[in-house]
Amino acid sequence: MVRYSKLAFRSLVRKYSCDICFTPMIVAADFMRSVKARDSEFTTNEGDRPLIVQFAAHDAQTLADAACVVAPFSDGVDLNCGCPQRWAMSAGYGACLINKPELVKDMVRHVRNQVDNPNYTASIKIRIHKDLRQTVDLCQKAESAGVSWITVHGRTTEERHQPVHYDAIKTIKDSVSVPVIANGDIKYLRDVESTHQLTDVDGVMAARGLLANPAMFAGYDDTPLECIWDWVDISVEQGTPFTCFHHHLIYMLERKERKVSLLFSRPSTEMTLQWTAVALFLYAEIGVILILCLPFISARRWQSIFQLRIWGFMARFWNKVFLTMIIVLIVLFLDAVREVRKYSNKEHSPDAKLQPNMFDHLHMKLFRAQRNLYISGFAVFLWLVMKRVITLINQLASVSSSTAALQAQADSANQTAKKYIEDNELLKQTLMEGKGDKATAEGMELLRKEVEKLKQELKTAEVALMKSQSEADVMKKQTEGLAREYDRLLKEHQELQNLQDSGSKKDD
């Protein structure tokens, strides 16, 4: 791995069951030309074994010279014939060499002949051709030159993230007698086992999978925290440059960061569907109550609106709807209380100490839970208030209608009384103008009848007035009782709200 598989990282993966480590790809010509390049590109220590030094070369003698220089400090060299990067291929290195089997054969032979150690290995790493016969021919020629093993990346030069051609790797394995190593899409230890079953290869090489999880060969699916701490310790001990240290750390934390994002990031950016619906319901309640309290719409007008046919149809289901909404809102309110208590806990998991952003996510969770608590609490309160307001409006409209009827009866009685007074005056005048006892007797009889009739009507009016007054007193008492009940509910809600706020502050 160019720039990545240096000494510090090799030391890390060796602690987690990696059998053989490769250096980053080193350009052989630059390595032989410059002492500075040798000191920069190749570093090792006594514990860094077995070690394979990977070179990029297009000249057999240059590769052999580089192999002789590193032979005392390593166990073998590997010729990179698989790097698909443009700069490498344009310079004659990497994957372009798979189209030059004779040159590859010559370079392998030069290394085998010029390195004195007979146990020193010379291997190649290749990609496959579209025509697999060319790849088989390349491998067989390398085998005839004495190659120690062949690492096969199961993609062509043009392929990047396409599926690995395991059938091609198996064909190559069946075509040569030297060990074959499979490479490509090895991200978990189970991928190692499945690759071996599919291809029957002698080993498996991992690159990007080890960058993301250096403990993969030890059986870990994700980078364990102790591996991250080991990386920090090794980097400090060996003086790893910060850029290299940072790049490896980012790779190791990539999968953990994805999991943390799935757990925390999404909820913090938007409301869930249910709480969005509750918030809209709360705004609708506020709007309805404001409309019901408009001063220029009288209670009798609202009563006439409520008596429309559509409201009569909906009234049959009103009680069920009211109770259903009460139950739903109370359940959501209790769920919000549970969330507040959960995220108000000051004890956090050990992972939180290694994830500074986790505290922000937890605080965001607590904020959202408190927001949901207020939304659901006010929704329940306003739902009760809205029902009580509608009831009071209907009662006020009934009292207004009764008062108007009483006023009409009083006006009618006044008009009748005035008429009788006028008639009485007329009778008196008639009596004063009458002549003789007969006229006087007739006048007195007429007056007596009129007085009795007037008393009877006054008595009837008095009874009706007392009955209306009694009904008005009853309606007034009911209105006062409803007002006291409303004040009591408002006071209890305020006390519950204060108690909840004090509880939240204590938890914080």
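Glycine residues also receive a Cβ, built from the backbone N, Cα and C atoms like all the rest.
Automatic prediction, not curation, is the source of TrEMBL annotations.
The following features are taken from TrEMBL:
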COILED    410-499  coiled coil
DOMAIN    1-264  domain 'DUS-like FMN-binding'
DOMAIN    271-404  domain 'BAP29/BAP31 transmembrane'
DOMAIN    449-508  domain 'Bap31/Bap29 cytoplasmic coiled-coil'
TRANSMEM  275-297  transmembrane segment
TRANSMEM  317-337  transmembrane segment
TRANSMEM  373-393  transmembrane segment
On the 0 to 100 scale, where does the mean pLDDT of the domain 'DUS-like FMN-binding' (1-264) fall?
91
Folded-back contacts onto the transmembrane segment (275-297), same chain, C-beta under 8 angstroms, at least six residues removed
329, 332, 372, 375-376, 378-379, 382-383, 385-386, 389-390, 393
Please report, as numbers and ranges, the same-chain residues at least 6 past the borders of the transmembrane segment (317-337) whose CB is under 8 Å from any CB of it.
274-275, 278, 369-370, 372-373, 375-377, 379-380, 383-384, 387, 500
